[in-house]
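Heads up: the structure comes next, in structure tokens.
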């Protein structure tokens, strides 16, 4: 009991706050979610429609911040020498996650939703947020499990849609109980940690010889080269890995795949919940709800290059840049090229998909394409606000700005463009403001970034 109390005490100390980038977003999304309870949207009683997005993000951020501290403790190089520490941390994370589940259930309970369904949805998010290969300091993470990561990412995006959350809230009790019975044990099993450093334990055996991998055939190589092709200006100068992406055909293929897969999954869930075959109207509604996810997933990675600066001093010293100001301008030039390219592709693809689905008329879709592109570009510059002050020039604050711009702002704006009967006149002013903001940041942020401190950071994120 004493060991557990000591482990719990760390969550109320500066140790918990340090290098925990999802803690600030968790607090922000919780405030937004609880404040939204006082202003319910008309016509959405007993629904998560107007709080579902921020409620879902609050769950993910809070669970990730708690698990970040847990994995930091139990995966420490010294932890295997203290088995009682690992056991105490395991008990402590159980207590805190249980309290987190109860706290996060309050907004949905206030809306009059069934407790069992609420806990089922929360436990699903919990199972997606506890992965040891996705949460915690990168230097302490095991190898990324690609299949699990793809499943986690897909389910997280699907259930971030309030419509999908409402489907689970309306599901019969036995479906909610089944989700709870699968997701909660999966999360607890993921949190169980037994290091190999205990006496008598051994790591997994490494085979002496590994079978040689067959090289891809010419058709596969040609397809990969086509998908990975980038405009020459985006790859002319050695830059951080976060700026190495920017393949237009790959982004187009990703957008089409997300639209089809998530729409199909939504129809499958709807079929299971209603026990009726989906209609064309169901397919239209599901595909329209997914348009925001298409834009979101294409834009969310654009500002990631600002979150890790470990390579910057070496690139500055070894690359053809000269002064810090030249290097900062090169970073923002590359970012501008990637942002404009991604915004153009996502805007055109989303508008074309809306036309083919029949969601909006042709003139509105033509106007929505450049509007969405401008908002994507402007949102990608939002984390640049952090570089103007030493107090905010931190990965956690930049991550919060990135999530507000790409996850929340872009999702809401896409919903306004394609899901509302009419677009409010003020909504057409947002792209103008976003473009002006991007131009201003492209002008001022490189100078501020050049003056900022570039520590050789430990790989904490």
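Just so you know, glycine gets a Cβ as well, placed from its N, Cα and C.
Please treat TrEMBL annotations as automatic predictions, because they have not gone through curation.
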Of 317-338, 339-360, the range TrEMBL labels transmembrane segment: 339-360
Chain residues outside the transmembrane segment (249-269) and at least six past its termini with a C-beta under 8 angstroms from it: 154, 157-158, 161, 163-164, 167-168, 226-229, 278, 282-283, 286-287, 289-291, 293-294, 297-298, 341-342, 345-346, 349-350, 353
Folded-back contacts onto the transmembrane segment (339-360), same chain, C-beta under 8 angstroms, at least six residues removed: 231, 234, 246, 248, 251-252, 255-256, 259, 284, 287-288, 291, 294-295, 298-299, 302, 366, 368-377, 380-381, 414, 417-419, 438
Same-chain residues near the transmembrane segment (395-414), Cβ under 8 Å, at least 6 residues beyond its ends: 20-25, 28, 53-54, 57, 160, 291-293, 295-296, 299-300, 302-304, 306-308, 350, 372, 375-376, 378-380, 382-383, 385-386, 427, 430, 460-461
